[in-house]
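Chemist: So TrEMBL lists these for the protein:
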TRANSMEM  B:12-33  transmembrane segment
TRANSMEM  B:53-70  transmembrane segment
TRANSMEM  B:82-107  transmembrane segment
TRANSMEM  B:144-161  transmembrane segment
TRANSMEM  B:168-187  transmembrane segment
TRANSMEM  B:193-220  transmembrane segment
TRANSMEM  B:232-253  transmembrane segment
TRANSMEM  B:333-354  transmembrane segment
TRANSMEM  B:366-393  transmembrane segment
TRANSMEM  B:399-418  transmembrane segment
Amino acid sequence: MKKLLLSSIIVIVGFTFIGRLSYLQLFRFSPDQILDDPAIKKIYDYPERGYIYDRNGELMVGNQPAYDVMVIPREVKPLDTLEFCQLLGVDKPTFIKKMKKARTYSPRLPSVLVPQLSKEDYARLQEKMRHFEGFYIQKRSLRFYTTNSSANVLGYISEVNEWDLDNNPYYVAGELKGRTGVEKQYEEILRGRKGVKHIQKDRFNRDIGPYKGGKLDTLPEQGKELRITIDKKLQEYGERLMHGKHGGVVAIEPKTGEILTMISGPTYDPSLLVGRQRSKNYSKLHYDSISKPLFDRSISFEKEPGSPFKTLNALVALQEGVIEPSTKFRCYNGFYVGSQKKGCHCGGGMRDMNSGIYQSCNAYFAGTFRKIYGKFQTTDEGMDVWEKHIESFGLGNYLGTDLPTGRPGRIPGKEFYDRWYGDGRWSSSTIISNSIGQGEVAATPLQLANMTAAIANRGYYYTPHILKSIGNTGGIDPKYTEPHYTTIDRKHFEPVVEGMANVYKYGTARWVQIPDINIAGKTGTVENFTRIDGEKVQLTDNSVFVAFAPVENPKIALAVYIENGYYGSRYAGHIASLLIEKYLKGKITRKDLEKRMLEKTLEHEYAKPLSGEPFKINEYVW
Amino acid sequence: MSMSGRGLFGRLDWLTVFLYALLVLIGWVNIYSTTLVDPNTSIFDFSTLYGKQLFFIGLAGLGIVFVLFIETNFFERFASIFYISSLVLLLGLFVFGKTIAGATSWYDLGFFNLQPSELAKVTTALALAKYLSDIQTDIKTRKHQLYALVVILLPAILILPQPDPGSSLIYFSLFFVLFREGLPLYYLGILLVMVILFATTLMFGTVWVAIGLAIFSVLIFGLKRKSVKIPIIPFIAIIGASVLFSLSVRFVYENVFEQRHRDRFALWLSLEKDEKKLEEIRKTIGYNTYQSEKAIESGGFFGKGFLEGTRTKGDFVPEQHTDYIFSSVGEEWGFMGTATVILLFSFFFLRLIFISERQKSDFSRMYGYGVISILLIHYFINIGMVIGLLPTIGVPLPFFSYGGSGLIFFTMLLFIFLKLDSNRLKDGI
């Protein structure tokens, strides 16, 4: 026994080792392990990111060179840290921290020490760089904006993070990727495809030529330029008008569904998210909890649409044959739901469809809404029919635009109310607020603009989209060139359009007429509630306006939604009319109106619920 | 001299010498391959690492000649003096030692850094054999067991604070000599228990180990048959000693080990719970193991060929030419190469056991076992670490790894034994 102890240990150890070695060398072996073989160096050839032009071919986004200071930690020789820090423009603790991080990442591989030097810093540094071994400068390309507008539409790019690296094998640490907007949506088209060269290194770490004769190498594929549907001039002008106002503006070309303008107020200068100040600026924007500039209100802000929604109820009623355009309802300066009176500002009296629309009579539309439901045996049935008609205008669900963000809005169906109130515990009077666009319906400015485009087209719309073409022509998804027909017959649109045209001539927006242009529009003044410390509080009304022009041959359909802008024509209506004039005429004739809209801000309204002081709603301050 | 018709060289065990030479040669070829910087330099260029190693091989050759011509009795007679001198040398490190890579383990002799812990392996093996073979020593008695233990542990304790836990671990292998000479095998059980206590203490802490021991005791007493009597006091003493040992593990771990040692255990036993820190350890400490495994893997069955390895070159695997030399075998010579080396070593060790057992002199046999134990544990720890079975413990692969002290003293260790063996027939008279 004692003589055999050591011998058996030797044999057991020998078998264990050979077992482990056969696992490693026979089982786990695969001949092409180049991915992490340190002897095979990969060199990337980055194509330039594609430019972005507006619909008229004006450049919006280009590229500019930037310079990263790179470090290979193990090649660093002792250096004058103080001088170097001064040249780089960083302080010493930061420098030491970054060096440590680079070393942790890899002593052998290059890491970015200081990203995105300005041209001036680069010029200063370049001459002295050779004194600092182990450091070098790498050129790369950053975005360059020829406009200070469209930040949310264009989106921004930033370095890939851990998640991207884990989920997309294309990216390598340090590369850039589109994060929002067009940059994200068309990332693969804009970025192209980087080329890869595999270089075989010999035992002395010298390059000895392509690995396997370049069999695995690829050439870079150029990023393509994009033309987007945005009208740069209109967009810039709109953003100036939105100065100091929260809300969204979307304008669409009804004949194509192309988005002419998409504004979220407040916005920011896209250049803020480029260069060395990027992360500082980003935090500032990200943590601005009042303005939320990174939140795209034009596409993600869903609210009750207010009175513009009445036009759809008129169309549904006509389609279902429950009213004629001449059908009249009496307005008692309001209407009754059971014994409860709901107000109306139209002035009272008998209302037909025409004056019902242009005076925005609540009683008229409550009556219309009741008639729609009255046609059916049960409220459920009526609800289904109504919902189907309304949804055919692109409301209540994602529109399917080529933008990576957005919200579906809400058109409540019977399931919604069953959940809300319980089965059978609601009736048409419960949902009467929907007749005037209050209550449970909600839509984004984009959806309102699209709905208006459908009315402008008298019955169909193209899915709104942002891409005009890849390169100069083509590349657009066929789903954006197919019309979507609403469930309303074409003949029913004329009376409604006439009412909308009269909004400008005699109605709620007669103050904002544009000489020589016939506009059809609809104002909306949306009651606005919020919760402050758990208590329901009413705030100043939201101001809404939808319009299209010219009436006969619509070239632009738009929706303007201004938070706390009071009644519809006041802010939204004015801004809409200025935008229409700008787009159709190219210049503004009503200079004083323009001046007022550019200068007025609603900051005091937005401060109200936050300041903790008592406030009045809907106060009239011009 | 009537019975030795042949001379000294005729009586040498040439098979062992051949195996030794083969291992040294394969080792050097791989050192050459990994440390070759400029293919135009001569292999005798002593500014290169492989040139230096060639020089060390030459020195080792001189050492062999020296050992073979010394009177056989010399080693036995002076064993105690060698042992005490090497202890003095180890002590002297505290004053005159030269620090390389954080460990004060060397004397700077100008042309050569002498590592006395390597020398002490030889002298301890000699001293242990001398003590055990003494006519008055009876390893079955507690007292003599204790003395033998002291002989083994003294150098280990002196080496530990250098710090060089790897080298001091080596001395424990000499227990195999004691087992061969009749030390009851339950001591091996105790050793195993200590290893388990060490690992569990690190993983769960002394409190949980103590709780575990308590539960264990209750189970023992609860489940035992009435007829079985367990002596209460020794049992409690054992449990108490275990707890004390567990406490000392914490102390040694926190105070004697350095962070780099702790990191290795942290990785091996998955002690570090912080994902980020664990990742960092993997990239630094575990990096070697990862790279060396990858290199061995990439060799496949036939290997990439001599000088064709890509991963084991440059600085991809640090310590490539010393502790990680075996991964170069794996990459360039493939499974064929690694399996051959394992077989060579195994055969070499079995041959040494065979030789030990044929000794008539107790001293020679015991020393032989000492030689095997020391070489075997190096081989076990080193290759186990390189192929990713054991934590990173820096010990060289005998005859393979780059390094003068190692090669020379391993050679002396072996050839003193071969010298003793060549004289085995004389001793009988």
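Note: Cβ is positioned from N, Cα and C throughout, glycine not excepted.
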Chemist: Short question: which residues 6 or more past the ends of the transmembrane segment (B:168-187) have a Cβ under 8 Å from it?
Modeler: 117, 121, 124-125, 128-129, 132, 139-140, 145, 148, 152-153, 155-157, 159-160, 365-366, 369-370, 372-374, 376-378, 381, 393, 395
Chemist: Thinking of Cβ pairs under 8 Å, which stretch from B:12-33, B:53-70, B:82-107, B:144-161 has the most of them with the transmembrane segment (B:333-354)?
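Modeler: Stretch with maximum Cβ contacts: B:12-33.
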Chemist: Where else in the chain does the transmembrane segment (B:82-107) make close Cβ contacts, counting only residues six or more beyond its ends and a cut-off under 8 Å?
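Modeler: Distant contacts of the transmembrane segment (B:82-107): 113-117, 119-120, 122-124, 126-127, 151, 154-155, 158-159, 162-164, 167, 258, 260.
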Chemist: Should the transmembrane segment (B:53-70) and the transmembrane segment (B:12-33) be scored as in contact, given a threshold of at least 3 Cβ pairs under 8 Å and pairs 6 or more apart?
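Modeler: Output yes: the transmembrane segment (B:53-70) sits against the transmembrane segment (B:12-33).
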Chemist: Take the transmembrane segment (B:366-393) and find every residue of the same chain, 6 or more past its ends, with a Cβ under 8 Å from one of its Cβ atoms.
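Modeler: Distal contacts: 75, 121, 124-126, 128-129, 132-133, 165-166, 169-170, 172-177, 180-181, 264-265, 267-268, 285-286, 288-289, 292-293, 296, 323-324, 326-327, 330, 342, 345, 349, 352-353, 355-356, 359, 401, 410, 413-414, 416-417, 420-421.
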